[in-house]
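Going by TrEMBL, these are the annotated features:
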- 20-39: transmembrane segment (TRANSMEM)
- 83-227: domain 'Flavodoxin-like' (DOMAIN)
- 89-94, 141-144, 176-185, ASP211: FMN binding site (BINDING)
- 282-524: domain 'FAD-binding FR-type' (DOMAIN)
- ARG301, THR538, SER599, ARG600, LYS605, LYS606, TYR607, VAL608, THR609, ASP642: NADP(+) binding site (BINDING)
- ARG457, TYR458, TYR459, SER460, THR475, ALA476, VAL477, TYR481, GLY491, VAL492, ALA493, THR494, TRP680: FAD binding site (BINDING)
Amino acid sequence: MENSEGVKIESTVVTEEPLISALDIALFVVIITVAYFWYFKRDKQSSSSEKKPYTIQPSSLSSIEQTSNSSFIKKLKSTGRSLVVFYGSQTGTAEEFAGRIAKEGARYKMKGMVADPEECDMADLVEMKEIQKSLAIFCIATYGEGDPTDNAMDFYEWLQNGDADLEGLNYAVFGLGNKTYEHYNEIAIYIDQRLEELGATRVHEIGLGDDDANIEDDFVSWKEKLWESVCSHYGIEETGEESNIRQYKLVDCSEVLPERIFSGEISRLKSYENQRFPFDVKNPYLSKIAVNRELHKSGDRSCMHIEFDIDGSKMRYDTGDHVAVYPKDSSELVDKIGELLNADLDAVFSLLNTDEESSKKHPFPCPCTYRTALTYYLDITSNPRTHIMKELIEYASDPKDQEKLKLMASSTPEGKKEFHEWILRDNRNIVHILEDLPSVKPDLDHLCELLPRLQCRYYSISSSPKVYPKSIHITAVLVNYTTPTNRVNKGVATNLLAQLIPTNDELPQPTIPIYIRRSQFRLPPKSQTPIVMIGPGTGLAPFRGFIQEGDYARKEGREIGEMVLYFGCRKKDEDFIYENELQEYVANGTLTKLHLAFSRDQPEKKYVTHLLEQNADELWNIIGEKSGHLYVCGDARSMAKDVHSIIVKVVMEKGQMTNSQALNYVKKMEQQKRYSADVWS
């Protein structure tokens, strides 16, 4: 026979049994008990929800607010749209550009929507041909060492691994990159070419934005020509309608209960009070500052060594990883905006997307106060882009202020010149603009819609988890500088960190939200592989972790390869950071060679690049004869480029190769992860 689960039971003796056994009675009691509690618990929850007063529910960027329907095609069809603009964004700029394109579509009789590829089934691109006069535009940033942004990774892999028939798909691509990096706009270029390979039709040539120059100018110039191509391709004309249509509408939240109001959380309400693992970009860990000490010995500059306490967080990092720090804007600047606009910063509000089909219901966590929005969610210190100038025009009561804004918002040579000089060269932020154009009084809720999101700041981790498993160290230079208008601009994150000094008493220690971002900047798999590290200034940060790890392996009795460090700073007695540590590693044999360049300790400037040229034999011995690894960390604009040129020259001369052979050799090193760069511009 079989029991209730279909398992055969062998039986050789048949006996008389009662109709209801003790086991049956026990099971019956359990079932009745469970049913009782389930029914009354449900009834209780139902009645409590009926008694609960209606309030606007807080929402955020979390997946909870996203629609469960990942088909952007269905949304396009159901709402009569023909334009979809996808964005691959790490800092928010690509998303902002996508929104501007979608908004302008109405001028060309193309109702548009913005879409995050991470939330969409991108295989639906094959169905775009079913929508008349449809167009897909991709605003795609290249991040790191030629990598797609986090939210575009799945789409990128789908293009690489798939073989979809995209015939009938009309598309255009704008890339966001930085020319100081080797892999300039690599992801956008790949997507543009791959879509064509799969049969799609390119409506307009790819645009390549350079963040090292003026990416706003690049974007505006490309966008104007894009619409010309769109009109030609579809046989349509611009309507000529110029209107600043709000994407979000203001919702009064004065009656919302205090416990339902965001106070700086990135995503989940009360996430800093109720911390939950895992911690990531939408759920950072509120870390205590364990150590904050000055590294510079003298001079008017400051460099901080900061240690974040991660004990008990379950967070793990690898040597070479980055830590993201969530800053907040200074209360002085926030108060200044409230004063200039005569606004109540403590009023509670929400911004709700006017597009009901959009998966992004709010531009930042809502509801919150204006003070919270300006402090934690909005970037009020960067140079505003031209579209903000355009939106501010209607709020200028003085004709002169109005004309100045119109000029800077235009794409004429005169307008671009004025914007470059008055905004970029003079380094004005939104506070400075409101101060210098006193008749401009925008509604504060509209200003909150226009300003970009405040982004976290990334720092190379300057410690090894083998030595410091319960803390993360960073090395950060305090950013303060005077602008051409004689204003002092302060780095948002570093000036906040400078104030977070731990105390020795029982007072609560200062905290800051952080999370770990994985990196490809890694030590060789084998500890005996020799390495060369080139890191002037705070470029030393990840190499401090590398050296700590090597020292740990040596003390364990493992064989370690040569560790050669090139470090440079201005003056030995002023900004030679971690001097005692480095000298100790040299003394105990962990650090094989320490090459130092103090640029201002002698009449002629001396940099690490000069030392590299002098030590060509040592370099070739490690990277050529011993197949060692080479690492560069620091400024991408000049130092990293100069180092690359020197390495190619060394390979040519010592490896007896032609220039093309040397370039190929270095390229192969990069592909094999034997030549790695952790650089910034």
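Including glycine, each Cβ sits where the backbone N, Cα and C put it.
Bear in mind that the values here come from a model prediction, so they are computed numbers and not experimental data.
THR475 (FAD binding site) sits 27 Å from SER89 (FMN binding site), taking the Cα positions as reference. This prediction places the mean pLDDT of the domain 'FAD-binding FR-type' (282-524) at 96. Rounded to a whole number, the C-alpha distance linking ARG301 (NADP(+) binding site) with VAL477 (FAD binding site) is 8 angstrom. Within 10 Å of the C-beta atom of GLY491 (FAD binding site) sit 18 other C-beta atoms, taking all shown protein chains into account. For the pair formed by GLY92 (FMN binding site) and ARG457 (FAD binding site), distance between Cα atoms is given as 13 Å, rounded to the nearest Å. For the binding-site residues SER89, SER599, counting C-beta atoms within 10 A of each C-beta gives the highest total at SER89.
Same-chain residues at least 6 positions away in sequence with a Cβ under 8 Å from that of TYR184 (FMN binding site) are, in sequence order, THR142, GLY177, ASN178, LEU208, ASP210. Distances between the Cα of TYR607 (NADP(+) binding site) and those of the binding-site residues ALA141, GLY144, TYR459, VAL477, GLY491 are shortest for VAL477.
Spatially, by CA atoms, the binding-site residues GLY491, ALA493, SER599, TRP680 include one closest to GLY144 (FMN binding site), and that is TRP680. For the domain 'Flavodoxin-like' (83-227), DSSP puts the residue distribution at 65 helix, 35 strand, 45 coil.
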